[in-house]
2 protein chains.
Amino acid sequence: MAQLKGACIIGQSGGPTTVINASAYGAIKTALESDCITKVLGACNGIKGVLEDNLIDMGKEDPEELKYMQYTPSSALGSCRYKLKDPDVDDTDYKRILEIFKKYDVRYFFYNGGNDSMDTCNKISKFMMKNGYECRVMGIPKTVDNDLTGTDHCPGYPSAAKYVATTVMEICRDCHVYDTGMITIVECMGRHAGWLTAAAALANLKGDGPDLIYLPERDFDLDQFTSKVKEIYARTKKCLIAVSEGIHDKDGTLIVEYGSKDIARDSFGHAQLGGLAAFLANHLKKETGAKVRGIEFSLMQRCAAHIASQTDIDESFAAGKAAVDNAVAGVTDKMVGFARKYVDGKYVCEIQLFDLTDVANAEKKVPMSWITETGDGVTQDFIDYALPLIQGQTKLPIEDGLPRFVNLRKVKAEA
Amino acid sequence: MAQLKGACIIGQSGGPTTVINASAYGAIKTALESDCITKVLGACNGIKGVLEDNLIDMGKEDPEELKYMQYTPSSALGSCRYKLKDPDVDDTDYKRILEIFKKYDVRYFFYNGGNDSMDTCNKISKFMMKNGYECRVMGIPKTVDNDLTGTDHCPGYPSAAKYVATTVMEICRDCHVYDTGMITIVECMGRHAGWLTAAAALANLKGDGPDLIYLPERDFDLDQFTSKVKEIYARTKKCLIAVSEGIHDKDGTLIVEYGSKDIARDSFGHAQLGGLAAFLANHLKKETGAKVRGIEFSLMQRCAAHIASQTDIDESFAAGKAAVDNAVAGVTDKMVGFARKYVDGKYVCEIQLFDLTDVANAEKKVPMSWITETGDGVTQDFIDYALPLIQGQTKLPIEDGLPRFVNLRKVKAEA
C-alpha cells in the first residue's frame, strides 16, 4: 500500500462516555507522531465542526496537557447529534465535507461514536470512494449502551458498568439500613439493549445486589412485576430492583409512557427517556403502601470518571491508536473493535476490524439465553462476560482533592 | 476519676453516611482494647435494638473483618428513626432501656448519629443521671447535612461534599458537550442547612462548576430565579444550577411543594423531600423552551464510599475513638466534635467535647455572610472552610474490581 500523506480529522459524536476522550487521545497522540499525517485537526462538535469549518489544530496543544484527556469524561472536542441525509436524496452536506477535506488536504477521517456515528462514518466513507477522493475513513466505537455489533464490547461500557455495579452495592447497603420496609428502584440507561442494567447483577457477587433486574430485551408485564415485588417485600421487607429505561410491554409501549404521554424525541427520532424510576416508585407505593424510592443514574453513569475502569481506559486508548495505525497502513472503511481471548484463563482484549457497512445502524442486544427464564435476572454467562471489563481502578490525577481534567487551548486550524 | 468497669453499647441512628461505620469502628476497636470495658455490644437498629433486646456481641466478630467497617457505607449495625418521648410525659422507653442496661451491666453508651440522635443520647444521659444509674453517655456525630452545632464540621459531610463537588465537575463536562442549549439542575440533600449544596461551589475551583447555587438559608424567589436562568442561558446557551432540597419561598413554603401538594412526613415530622429537580426542570422547560435535565443525587451523595474523603474517614475514626477514650477517662454527657486549627497554614483537626444539652436538636446553618449578596452563590470563606475537608482519596479495598465491604457475623449477645 502506497504511503498516503495528508491531514487527519478526528471528531466525536453522540452521547459522551467516561472514556471517549481516551480513544480520542489514542488517535490524536498516534496521529501527531505519524510521519504520514501532516496535521491533526479536531472537529468541534463532531461532523458539524466539519460542515461549519470549525476545526482546531491539535498540534498546537501542549502534549503534557493532552495526556489528561485519558481521564476526562465527556467529549473534549464537543459532540453533536446530527444525522446526515441519504446522499442519493440530498448530497449538500457531503459536497461541503468534501470541500473542507480538500481545503485542509484531509486524507484521514476518524469518527468516534456509537451506532448513529458509525452510520455517519459509513456514509462519508462511501461518498468519498464513489467520488474518487482518496481518504481513509475509520470508526472508533464508544457507547455506554454496548450495543454496537461485531465487537466483543464497546469502549465506554466497562466504566459505566463499573459505576452501576459499585453504586448499586452502595445503595443496597444504604436502603437496607432501617428495619422498616423499603423498596428501591434504580433506573439505568439503555433504550433497546440491557447491557448496562445487567451490570447491576455484578453487585450480587458481593451479596449487595438487586433482587430483580429487567432488560428491554424481554417484554415487561407490570402486573407480574408488581406481584413479584409484593412477594419479595412480604418475605423480606426489602426489594431492590434495577430497570432499563427502555423496558416496554408486549405491544411495544414503553413503561415510562404509562406515566407520561408526551415523550420528547431527539433529532434521530429516539424517545428522550427518563422518569421511569419515578413512575414505578409511585406505582409500587400505591400497590404496597411501602416506602419506595426511585433513583435515576442519569448522566452520572456515563460521566463518572472517578470510578472509571482502567481496563476500559487502556482499551479505549488502544482503539484510537489502532484506528490511526491501521489507516496509515492502508486500511479504510472499517470500525475498530475488540475480540476477546482467554490466555491461561486470563482475559485478553485484541483489536479486530469490522466493515463500516456491517456495523452502521445495527444493534447488538443481550442474548436471550443470558436472561433468566423468569425474565428478572441474568445468568452466569453475563457475569463471566462483564466481570473482566470492570477490573482496574482509574489512575485519574487528583489535585486539591478533585479530578484534574484536560483544558484544551482549541486554536483554530489554518488550511 | 474512679475506674468504671462494665459493658458498653454502641448504636447508630438516623440517615446513614459514607463514614458512620468508620466512627463506629473507631469506638468498637477502642472499646475492645479497653481494660475497663468488659463487653462491646452493638445495638441493632439503634435505640430500637436496646428496647427490643436485640444486641450483638462485637467481640465475636473477626477483628480482621471489622477493619473493613472503615470503608463500608451506611450503618453496619442498622439504623432507626425513633423519637424517644419526653420522659416526664411517658418514661416507658427509659425504664426499658435501664432494664437492658442493668441486664448487661452496661456502663458506657455511645450513640452515633445526627441532631435527633443527639436528642436521644441527651435524654438517656439525663435519665440515667436522674435515676442514679452510673453510665457514661457519649454522642458521636454524623450527618451529611453538617448541621450539628458546636463542632467545626460533622463526620460524613466531607465525603458527601467530595461526592457533590466531583460529580458536579463530571456532569458539567457532560452537559456542556453539545453546541445546542442545555440547562441542568442538580438537587442535593439539606432540609434547612445548605452545606452540601454549597459544596458544588468547589467544582468552580476547576472551572467546572455551577452558574447558580441556592441554599435553604435564603428565601427563594421562583420568578427571580427564572429571570437569572434565562439571562445566563441567553448569553451562553448553558446553565448549571445546584439547589438544596429544602429551598423555600419567603412564606416558608417549600418550592418542591409548588409541584406536589401531599408531601410524606417521617416519624420526626420532617417532610420527605425529593422531586425538586424534576419540578424545576419542568418549570424551566416551559419558561425557556430549552432542553432541561433535572438530576437528584439521591442516596448516592450519602453512600458513595468509593469517592469518600480519606480525611473524613480518619477524622470519623478519631471521633469514635475519642468517645471511648474520654468515657473511660471519666467524661460523660458530651458529644465528641471537632475544632479546626491551622498549623503553618496547614489544616489540623482537633477533638473537642460539647455538652449534649447544647447540641441536642440545635441546628447550625451556613452563615449568611458566606452566601453571596445576590443569594445565588457562596463566598471564598466557604471554599476555605470546605476544601481541606475533601482532601485524600479513600483507601477502600477493591476485590474483583468492586468494593470490599464488611460482612458482620452478628452473633446475639448474652447477658
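Any Cβ shown, glycine's included, is placed from N, Cα and C.
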Same-site substrate binder from B:GLU64, B:GLU65, B:GLU245, B:GLU257, given that TrEMBL records B:THR143, B:VAL144, B:ASP145, B:MET189, B:GLY190, B:ARG191: B:GLU245
Residue among the recorded positions B:ASP145, B:GLU245 whose Cβ has the most other Cβ atoms within 10 Å: B:ASP145
Rounded to the nearest Å - Cα separation of B:GLU245 (substrate binding site) and B:ASP145 (active site, proton acceptor): 11
Neighbouring recorded positions, C-alpha within 10 angstroms of B:ASP145 (active site, proton acceptor) - of B:ASP116, B:MET189, B:GLY190, B:ARG191: B:MET189, B:GLY190, B:ARG191
Which listed residue (B:VAL144, B:MET189) has most other Cβ within 10 Å, given these are binding-site residues: B:VAL144
Length of the line joining the Cα atoms of B:ASN115 (Mg(2+) binding site) and B:THR143 (substrate binding site), in Å: 8
Predicted model, mean pLDDT over the domain 'Phosphofructokinase' (B:9-292): 94
Cβ-based neighbourhood (8 Å from the centroid) of the substrate site, residues B:THR143, B:VAL144, B:ASP145, B:MET189, B:GLY190, B:ARG191, B:GLU245 excluded: B:ASN146, B:ASP147, B:CYS188, B:ALA193, B:TRP195, B:LEU196, B:SER244, B:GLY246
C-alpha spacing of B:GLY15 (diphosphate binding site) relative to B:GLY190 (substrate binding site), in angstrom: 12
Least Cβ-crowded entry, counting other Cβ within 10 Å, from the binding-site residues listed as B:ASN115, B:THR143: B:ASN115
